[in-house]
Amino acid sequence: MTCANCVNSVEGILKKLPGVKGAVVALATSLGEVEYVPSAISKDEIVQAIEDAGFEAAFLQSSEQDKILLGLIGLHTERDVEVLHDILKKMDGLRQFDVNTVLSEVEIVFDPEAVGLRSIVDKIEMGSNGWLKAHVQNPYTRGASNDAQEASKMLNLLRSSLFLSIPVFFIRMVCPSIPFLSTLLSMHCGPFLMGDLLKWILVSIVQFVVGKRFYVAAYRALRHGSTNMDVLVVLGTTASYVYSVCALLYGAFTGFRPPVYFETSAMIITFVLFGKYLEVLAKGKTSDAIKKLVELVPSTALLVLKDKEGKHVGEREIDALLVQPGDVLKVLPGSKVPADGVVVWGTSHVNESMITGESAPVPKEVSSVVIGGTINLHGILHIQATKVGSGTVLSQIISLVETAQMSKAPIQKFADYVASIFVPIVITLSIVTFSVWFLCGWLGAYPNSWVAENSNCFVFSLMFAISVVVIACPCALGLATPTAVMVATGIGANHGVLVKGGDALERAQNVNYVVFDKTGTLTQGKAVVTTAKVFSGMDLGDFLTLVASAEASSEHPLAKAVLDYAFHFHFFGKLPSSKDGIEQRKDEVLSQWLLEAEDFSAVPGKGVQCSINGKHVLVGNRTLITENGVTIPPEAESFLVDLESNAKTGILVAYDGDFVGLMGITDPLKREAAVVVEGLKKLGVHPVMLTGDNWRTAQAVAKEVGIEDVRAEVMPAGKADVVRSLQKDGSIVAMVGDGINDSPALAAADVGMAIGGGTDIAIEAADYVLVRNNLEDVITAIDLSRKTFSRIRWNYFFAMAYNVVAIPVAAGALFPFTGLQMPPWLAGACMAFSSVSVVCSSLLLRRYRKPRLTTVLQITVE
């Protein structure tokens, strides 16, 4: 594919196929994603339809969980194929298989419940006595090899074209000034001059052998009712070639030899191929981010072998793609963790910077979670794999980046529209150019001195017309947006900011409001009880036991804080010192110490209620207590107001209809919160805080962080309504939340930013995922978006300005005043370099650096 029109053609063809539900095609990555019904159409038919349209296509991967493509080493003869068929037929759990002997591949449909992928690979090797070796085909490796083949093919064509075009250029430009060669080339060979005959032969090979790809692509495009860059190249070069052949034959049979322009078509094809080769190389650079992420995954893993009693009996090196959930893997110091899992033995430190962006090594011990692709630094670890394949954090990051690169930003619609009308307009301009110059010459409107002695006004006009066709470049417009979005999403991933698409990237540049959830977003999400006070005759220990028993069934972060406080009050200093011992005893003690809570229910945004010892218990905020008709004593009310004024949340407790006591809980602010809020104000963005907490606590926290606009006592369902109210005047609203109870608001916002520690990154509602759980990345996301779309606008300016300036110059608009005429071969060179310049402009985004808060806030550090 060369331009936006090619993309539209392929998408149009795919969407018309029976059984195809949807199709998205990306120019910058040369990838397509097709959603189809397997019973109605096969993947081979989809590939064939694309190839019939004039493009080359190859299947890379399928999302089907029970289908796998295995590469085979040792599959050479018919006997090998028979052996493979016998092995697969005898295997339990296989539904069907299809062997491709040309590519040495086998596609297998299997039942994952009945047979594992590793056992399929092992049985193929064992059944053939080691002669056949199967391995899982990595789609990224195949994609990289396809890119390398494309670059290699383009380089070979360029070399061939150069090898043939340089002699043609030499015969035309250099030989006439060397007497011996000039005499030799002026010799007759039948009715033709030796020089002209040599040029004809060499250029014919360039035109129809090297340039065959342009003819094939142009024919197929026209057959499907579309036009592209290949049509323009074929028109320009064929016009020059056909004219030169006619002039040569005319001269041979009449004796009057008009000038021939064989070198024009040869040089145009050479320059276009050179431009395409540079473009392929540059486009390869734009996908470096994906390649770096893929390279994080180790190729092999050390599987720990155990006997039936669970004893360690040995180790075996396996392909990392064959790791299954439940496998115990050995991770050596300095090696990469092969899959997401849990440490079952050993202690070490792991470098997780490539996933979370945090540079400090993270300590790991038994029960610690590890992420695939991270590096084990010191000790040996045994980990049990929990997530493999597409379920791992790294795979989901790669998937998000790929999805973003496949998506189209709304600004791309402009390029698609221009591309659809570009080629017909250029051909019309070329015909007009020829007609005007020819008619003016025929009517004597310009002096004969403008036309070369051995030429005429027809040839003079034709050269202008060919230059117009060849210099016009629709490719640059088509590449302006996708290449920039591709580089930006990759850069974002490297900085822990995952963008889900070009449309999200485009919206983020114009954000007017950033709405922050309080708990877990502005605060650390680690609530701590600071105060517990009883306002009845109940003992403090009994009060804490009552509250802990009620909160034990709740999943709210505040409930965990209450449980921990009560536990430490009762058992501090009475448990073993080791961490494993504490956790084990804590579980045992909790089951014996807590009272049994019946009829438990959580009241969203208010608290919990249950029955203990047959009496009704309420634990929650002021609203829950008063709604149930419980009176809060004045001294408790005064104490509560004091707590809330100091940014603490009050938890009130009622037992059997009477107020018992309250607890003060604080959730510390993230250290960067206040600075980020100030930074957003400097960027012209209005920060808003949203919380279900009471007004006093909310305003105390907002004052500490520097936010004036506060929305408090908002229920989870009401958060989306707050976002919509801000959007009413057309403002662009970004919502930053932890993605649990914030998902309706994240979905309602123009830009949803889910902030998390990098383990639950597949948050459906958000447009951005901030992996590092750091608020500074909100500024990075907005800044990256602004820089990217500034670059896209420059790309469009280059592409449009090039065509607006170049086409009139090629048409000879300056010739009457300056005598400046652009020969067609030079027009071809300009066209080739215009698309390369746009890709290189997008590549400048790779120099992007995160904005430093000191720079944003204009703080001078001494």
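In case you wondered, yes, glycine gets a Cβ from its N, Cα and C as well.
Mapped onto DSSP classes, the domain 'HMA' (1-58) shows 23 helix, 13 strand, 22 coil. Per TrEMBL, the feature domain 'HMA' maps to 1-58.
Per TrEMBL, transmembrane segment is recorded for 162-185 (among others). Beyond the ends of the transmembrane segment (162-185), by six or more residues, the same chain brings 193-195, 198-199, 202-203, 205-206, 210, 262-263, 266-267, 269-270 to within a C-beta distance below 8 angstroms of the stretch.
Taking Cβ pairs closer than 8 Å, the transmembrane segment (197-219) reaches residues 2, 54-55, 157, 160-161, 164-165, 167-168, 171-172, 185, 189, 228, 230-231, 233-234, 237-238, 241, 244-245, 248, 260, 262-263, 265-266, 269-270, 272-273 in its own chain, all 6 or more past its ends. TrEMBL lists 197-219 (among others) with the feature transmembrane segment.
Taken from TrEMBL, the feature transmembrane segment applies to 231-253 (among others).
The annotation transmembrane segment is assigned in TrEMBL to 259-278 (among others). Cβ atoms under 8 Å from those of the transmembrane segment (259-278) belong to residues 2, 151, 154-155, 157-158, 161-162, 164-165, 168-169, 172, 196, 199-200, 202-203, 206-207, 210-211, 214, 233, 236-238, 240-241, 243-244, 247-248, 452, 454-455, 459, 463, 466, 470, 823-825, 827-829, 831-833, 835-836 of the same chain, restricted to positions at least 6 beyond its ends.
Residues of the same chain lying 6 or more positions beyond the ends of the transmembrane segment (414-438) and with a Cβ under 8 Å from any Cβ of it are 3-5, 7-8, 227-229, 231-232, 235, 457-458, 460-462, 464-466, 468-469, 472, 474, 477-478, 480-481, 796, 807, 811-812. The transmembrane segment feature in TrEMBL is assigned to 414-438 (among others).
Listed as Cβ neighbours of the transmembrane segment (458-480) (distance under 8 Å, sequence separation of 6 or more from its ends, same chain) are residues 2-7, 27-28, 228-229, 232-233, 235-237, 239-240, 243, 247, 258-259, 261, 264, 268, 279, 283, 415, 418-419, 422-423, 426-427, 429-431, 433-435, 437-438, 441, 450-452, 792, 795-796, 798-800, 802-803, 806-807, 809-812, 821-824, 827-828, 830-831, 834-835, 837-839, 842. If you look up TrEMBL, you'll see 458-480 (among others) marked as transmembrane segment.
Nonlocal intrachain contacts for the transmembrane segment (796-819), taken as residues 6+ away from its ends with a CB within less than 8 angstroms of a stretch CB, comprise 414-415, 426, 429, 433, 437, 446, 450, 464, 467-468, 470-473, 476-477, 480, 827, 830, 834, 837-838, 841. The transmembrane segment feature in TrEMBL is assigned to 796-819 (among others).
Annotation source TrEMBL lists transmembrane segment at 825-845 (among others).
Sequence-distant contacts of the transmembrane segment (231-253), counting only residues of its own chain at least 6 positions beyond either end whose CB sits under 8 Å from a CB of the stretch, comprise 190-192, 196, 200, 203-204, 207, 211, 214-215, 218, 221-222, 259-262, 264-265, 268-269, 272, 423, 426-427, 430, 459, 462, 465-466, 469-470, 472, 474, 824, 827-828. Per-residue pLDDT, averaged along the domain 'HMA' (1-58), amounts to 84 for this model.
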